[in-house]
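Feature list (source: Swiss-Prot):
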- D57: active site, proton acceptor (ACT_SITE)
- E9, Y55, E63: Mg(2+) binding site (BINDING)
- R53, T66, W419: ATP binding site (BINDING)
Amino acid sequence: MQRRIMGIETEFGVTCTFHGHRRLSPDEVARYLFRRVVSWGRSSNVFLRNGARLYLDVGSHPEYATAECDNLIQLVTHDRAGERVLEDLLIDAEQRLADEGIGGDIYLFKNNTDSAGNSYGCHENYLIVRAGEFSRISDVLLPFLVTRQLICGAGKVLQTPKAATFCLSQRAEHIWEGVSSATTRSRPIINTRDEPHADAEKYRRLHVIVGDSNMCESTTMLKVGTASLVLEMIEAGVPFRDFSLDNPIRAIREVSHDLTGRRPVRLAGGRQASALDIQREYYSRAVDYLQTREPNSQIEQVVDLWGRQLDAVESQDFAKVDTEIDWVIKRKLFQRYQDRYNMELSDPKISQLDLAYHDIKRGRGVFDLLQRKGLAARITTDEEIDAAVDTPPQTTRAKLRGEFISAAQEAGRDFTVDWVHLKLNDQAQRTVLCKDPFRSVDERVKRLIASM
């Protein structure tokens, strides 16, 4: 499948402080954040004009699920648009607090762990054909996903009883299964719950919940681009060496703690391979596969960065990627800070900097400041992100959903939507079922809109 439907779901950490002390509980902050949403949507679970879903997840975490996208830059743009949507809610909520005489600053973090050790996720969704053998997909994909933190981890300072250590991944410490139907209780790498949000006879949805939330656009593009390409190669029958892991959960932690990528992890049958070995195998297959594939500049960009990052890890010279990979950007920032102020990695100020990197408020968040200084690469523009806040992807089913929502809101009509249904809540209860996520034009939807 060379054209694939993809989406990213991001849960955000939330807190409210006043002069450095916690002001409100996460539940209370969430209520202020979503008050504007509830006022127009009559719910804290809504779909937006850009086709995305915005809702309050378990544990008072605001969650933004992008609309269906069919190319990488489009997906990165809509992922960033989610930050803008949440930032607008943050500003509105702070104003409400001020109006009620409650001083405080609200923070939304696009990260994966809080100070209490709780974890919240960034989930990737990839449409795959139903006819494929799912067990083979998961078998081949699992070693890739366990080791890809080398190329797309967000980075984290982990405080251990002995010392503080810099790790590749925020999520790695919180994954407890390889493949499972659970998402919260056991946190698998691949979730097998079968909810295709499409024609179930043709498709299923691969739900990957092991990834970190990325701030850097090029890292997000690398994360989803490499996963989609590996899926495409599996579907095309490309042979891969067997890197079945003896214990994926132990391996994911070992990889996260090794910035060199050289520490051996145990494979099934007593063999060993390093994370770098495993990533090199997938990368070399991708380079060969591109020679036979229809040209695609976005995929070529992804494979180029993939190779450069693996070279950087191997040589431990990150100069050629130090604006493109989250964990590399963050580690360089920490090292500069430590050198300037003569402090250890365990210093609380480094932990504060770690958190501030993921603050989504422009002008305050550390990543935003780095990006403005040209120290973090861009693949989209502020104008494109602003447009994506209100405009759905124009090449997928999201266009139909977004147009229906806009028309119904402007006509003052009561409606209900989900990923596949568009419904007018009138006497006729007219409903259109949109089972094809690739379809952006539908006469039935046009007629439904015209009838308003």
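Every residue gets a Cβ built from N, Cα and C, even glycine.
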If we check Cα distances from T66 (ATP binding site), which of the recorded positions E9, Y55, D57 wins as closest? E9
With E9 (Mg(2+) binding site) as reference and a Cα-Cα limit of 10 Å, the qualifying recorded positions from R53, D57, W419 are R53
Select one residue from Y55, W419: among these binding-site residues, choose the one with the most other Cβ atoms within 10 Å of its Cβ. W419
Validating a neighbour-count step here. Other CB atoms within 10 A of the CB of E9 (Mg(2+) binding site): how many? 21
At a 10 Å cut-off from the C-beta of R53 (ATP binding site), count the other C-beta atoms across all protein chains. 19
Applying a 10 Å Cβ distance cut-off over all chains shown, what neighbour count does T66 (ATP binding site) have? 28
Euclidean distance between Cα atoms of E63 (Mg(2+) binding site) and R53 (ATP binding site), Å: 8
Excluding R53, T66, W419, please set out which residues of the same chain place their CB within 8 Å of the center of the CB atoms of the ATP site, keeping sequence order. G7, E9, F47, G51, A52, A65, A67, E68, A398
Within the same chain, and leaving aside E9, Y55, E63, name every residue whose CB is within 8 angstroms of the centroid of the CB atoms belonging to the recorded Mg(2+) site, in sequence order. T10, E11, R53, L54, D57, P62, Y64, A65
If I restrict to non-local contacts, at least six residues apart, and a C-beta distance under 8 angstroms, what lies near E63 (Mg(2+) binding site) in its own chain? E9, T10, E11, F12, L54, Y55, L56, D57
